[in-house]
Amino acid sequence: MVTRLRLVSRSSRYATVKFTDSVSACSCRRLFSASTDPEPESQPEQAPPTNPVTGDEKLRNLRVLLQQNRIETARGVLSSLLRSDSTPFASPKELFSAFSLSSPSLKHDFSYLLLSVLLNESKMISEAADLFFALRNEGIYPSSDSLTLLLDHLVKTKQFRVTINVFLNILESDFRPSKFMYGKAIQAAVKLSDVGKGLELFNRMKHDRIYPSVFIYNVLIDGLCKGKRMNDAEQLFDEMLARRLLPSLITYNTLIDGYCKAGNPEKSFKVRERMKADHIEPSLITFNTLLKGLFKAGMVEDAENVLKEMKDLGFVPDAFTFSILFDGYSSNEKAEAALGVYETAVDSGVKMNAYTCSILLNALCKEGKIEKAEEILGREMAKGLVPNEVIYNTMIDGYCRKGDLVGARMKIEAMEKQGMKPDHLAYNCLIRRFCELGEMENAEKEVNKMKLKGVSPSVETYNILIGGYGRKYEFDKCFDILKEMEDNGTMPNVVSYGTLINCLCKGSKLLEAQIVKRDMEDRGVSPKVRIYNMLIDGCCSKGKIEDAFRFSKEMLKKGIELNLVTYNTLIDGLSMTGKLSEAEDLLLEISRKGLKPDVFTYNSLISGYGFAGNVQRCIALYEEMKRSGIKPTLKTYHLLISLCTKEGIELTERLFGEMSLKPDLLVYNGVLHCYAVHGDMEKAFNLQKQMIEKSIGLDKTTYNSLILGQLKVGKLCEVRSLIDEMNAREMEPEADTYNIIVKGHCEVKDYMSAYVWYREMQEKGFLLDVCIGNELVSGLKEEWRSKEAEIVISEMNGRMLGDVTVDEDLSATEKL
């Protein structure tokens, strides 16, 4: 029969100990109530000598104290023994074993006392767990309070694996764990990211009719939210309500955070509304979580509404709130708004810490506002802020982004003057910028500088260099860097190989890219989906669709799921090669895999069908996009408007009117070209006027369309004024413009005017299109302008553009 004993009393700070030696029940009761029944001596009891010579003497002293029922003295001696550096026992477990051998009749009493001291006075939690397992092997079982305390301390000291093992050991006995014990075990499982184990224990406790607490539900909901299992988290929330448990503020905050991180801020709002209905007052954490999620989703206006509600309810933003606002406005490219928040914080007397300040500085640096960043940093330093490495690195990166490498170096010097040693992150900013500029020699000089300063290049440093040389297609240097990394003991990672593979694919070196992939696999670095996507994209861009699908099959064979980027790349490759039926099959497969097509998916299909001349299918795909809630991009409208020109003005105008985006030059030119092709020059010139009013810069394509339209409606004399306007805008006409003009005159059979324009074109060194040249020569000969025709033929042949063919009848006439 397992011995059980209450070790830690709820009403006393002392352990309750059951003695098996000849100690009276009266004495025991006195000992267990030491706080209310003091020992009879008026003077504090003196412990035996504290420096016995041997371990045996220490054990004998403890045995005597226990036999004399002097529990508190024994506790003090035991606590000192455990803390002593000169203790003869390697561990508490060894101490227990030694005591058990010397005093077997007291081993139960001693075990309880030892466990109590380990948990309470000494806080030796790992040793307490080891002792627990040793006691179990001896058939000794601690009390419920002892186990509760042990599990609680194990969780607090983050010994989650041990917590689970102790609890499973408890389950294996005939001991009935308490609700608190289950809670600690479930908490440990969730902390280990093993929500499955937590749910298993959760179901076990319900089976044993131990009803979970709000704490346990909160722990599991938190674990499910962190794993983005929001449906399961919702089910647990509903179960709480069904059991008439009132969700706490923590419950609601956890769900709000989960939905935000899962990219579903709309659901977060619903949880917030549920809080209001249940009269649960929000906390600052509630609002901070909502703000972070909304900014992440790009819902800036909604975030600002939440901020207003927060202030209306009397909440004062803290440093973390300001960090969220700075980061949120930054990620949504609203640095000016971030500056406004900063001024509000200053006016409110909020003191910026280094973390919050670094986020604001990063926002400004990303948008190239390095001068403003310096101004704010100066203001904060005047208030006592001491810049740390993060702030300096942020500023160095800001200078590098703007191309001010002198300013970046000055910041490095400022770091050194402040006693900080710039690390690889600081130097990487400079190295990256030189690589972006293609100045690899300067990049290498920076690497040498950091080495001289005692800073070893990091994997990221080498990866930056690989990318720099790769973009210049200097692949031999890339391989040299890989070798240098290995020689220095810096193992290339997935990014190292991925950077090189990507550059090789962009440089049409597909064979070499595959060799690098095999090399990384041989070195134990497994390619991820991103690397496979690079290879697939490289194959598709070269029209090697079969090779692309070979890689996709290899992915599946290795258990790597195809993601949306993979499918989009394959669909784009199929669409470019006219294999539209196969592309549509992949579109269906995307949905079957639980993925959602995006705008890139549809743009590829629209482009493919457009190239095939199937405008109706393009429009159908566009309508399907809208029904699915996918917002078209400017590229979508570029494709559709250029394709719909032949379909007429009405369809083009409908597409133009449906745009929720600000039209760019390509869109305006597409619509204007449609008007010109269909001869509606009034609308064409009105649109040109609108472009000028909206500061949309006109280009040669704009004027080419206007010239084409004027020629279409027979206003040949107006063409010269458009050419003059182009010249006034320093937009000198080139070959394409002159070809349009010559062809336009030929189409209305004004061949001599066409010839005049040809002469101007020729004098400026531009070449006439061969087909247009044939048309011009034929027309000139029809009008008996053989001399001009011969000049055109001679000049075009002289330009090595091939012979200009004319009808045999015209040739015969020429001979006459």
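Placement of Cβ uses the backbone N, Cα and C atoms for every residue, glycine included.
If you look up Swiss-Prot, you'll see 1-39 marked as transit peptide, on the strength of sequence analysis.
Here Swiss-Prot flags 34-57 as region 'Disordered'.
Taken together, the residues in the repeat 'PPR 1' (108-142) have a mean pLDDT of 77 on the 0 to 100 scale. Residues or ranges marked as repeat 'PPR 1' in Swiss-Prot: 108-142.
According to Swiss-Prot, the repeat 'PPR 2' annotation covers 143-177. Assigned with DSSP, the residues of the repeat 'PPR 2' (143-177) fall into helix, strand and coil as follows: 26 helix, 0 strand, 9 coil.
Sequence-distant contacts of the repeat 'PPR 3' (178-212), counting only residues of its own chain at least 6 positions beyond either end whose CB sits under 8 Å from a CB of the stretch, comprise 144, 147-148, 151-152, 154-155, 158, 160-161, 163-164, 167, 170-171, 219-220, 222-224, 226-227, 229, 243. The feature repeat 'PPR 3' is assigned by Swiss-Prot to 178-212.
What Swiss-Prot lists as repeat 'PPR 7' is 318-352. Beyond the repeat 'PPR 7' (318-352), the same-chain residues lying 6 or more positions past its ends with a Cβ under 8 Å from any Cβ of the stretch are 284, 287-288, 291-292, 294-296, 298, 300, 303, 307, 359-360, 362-364, 366-367, 369, 372, 376, 379-380, 383, 385.
Among the features that Swiss-Prot reports, repeat 'PPR 9' is placed at 388-422. Secondary structure counts, DSSP: the repeat 'PPR 9' (388-422) has 26 helix, 0 strand, 9 coil.
Non-local neighbours of the repeat 'PPR 10' (423-457) in the same chain are 389, 392-393, 396-397, 399-401, 403, 405, 408-409, 411-412, 415, 464-465, 467-469, 471-472, 474, 477, 488, 490; each lies 6+ residues outside the stretch with a CB under 8 Å from one of its CB atoms. If you look up Swiss-Prot, you'll see 423-457 marked as repeat 'PPR 10'.
Residues 424, 427-428, 431-432, 434-436, 438, 440, 443-444, 447, 450, 499-500, 502-504, 506-507, 509, 512, 520, 523, 525 of the same chain lie 6+ residues outside the repeat 'PPR 11' (458-492) yet bring a C-beta within less than 8 angstroms of a C-beta in it. Annotation comment: Swiss-Prot describes 458-492 as repeat 'PPR 11'.
The repeat 'PPR 13' annotation in Swiss-Prot covers 528-562.
Away from its own ends, the repeat 'PPR 15' (598-632) comes close to residues 564, 567-568, 571-572, 574-576, 578, 580, 583-584, 587, 590, 639-640, 642-644, 646-647, 651, 655, 659-661 of its chain (Cβ-Cβ under 8 Å, at least six residues beyond either end). The repeat 'PPR 15' annotation in Swiss-Prot covers 598-632.
Residues or ranges marked as repeat 'PPR 18' by Swiss-Prot: 699-733.
What Swiss-Prot records for 734-768 is repeat 'PPR 19'.
Positions annotated as repeat 'PPR 20' by Swiss-Prot: 769-803.
Tertiary proximity for the repeat 'PPR 19' (734-768) is limited to same-chain residues at least six positions away from its ends with a CB under 8 Å from its CB atoms, namely 700, 703-704, 707-708, 711-712, 714, 716, 719, 723, 726, 775-776, 779-780, 782-783, 785, 788, 792, 795-796, 799, 801. Sorting each residue of the repeat 'PPR 18' (699-733) by its DSSP state yields 24 helix, 0 strand, 11 coil.
Packing against the repeat 'PPR 13' (528-562) from elsewhere in the chain are residues 494, 497-498, 501-502, 504-506, 508, 510, 513-514, 517, 569-570, 572-574, 576-577, 579, 593: each is 6 or more residues past its ends and has a CB under 8 Å from a CB in it.
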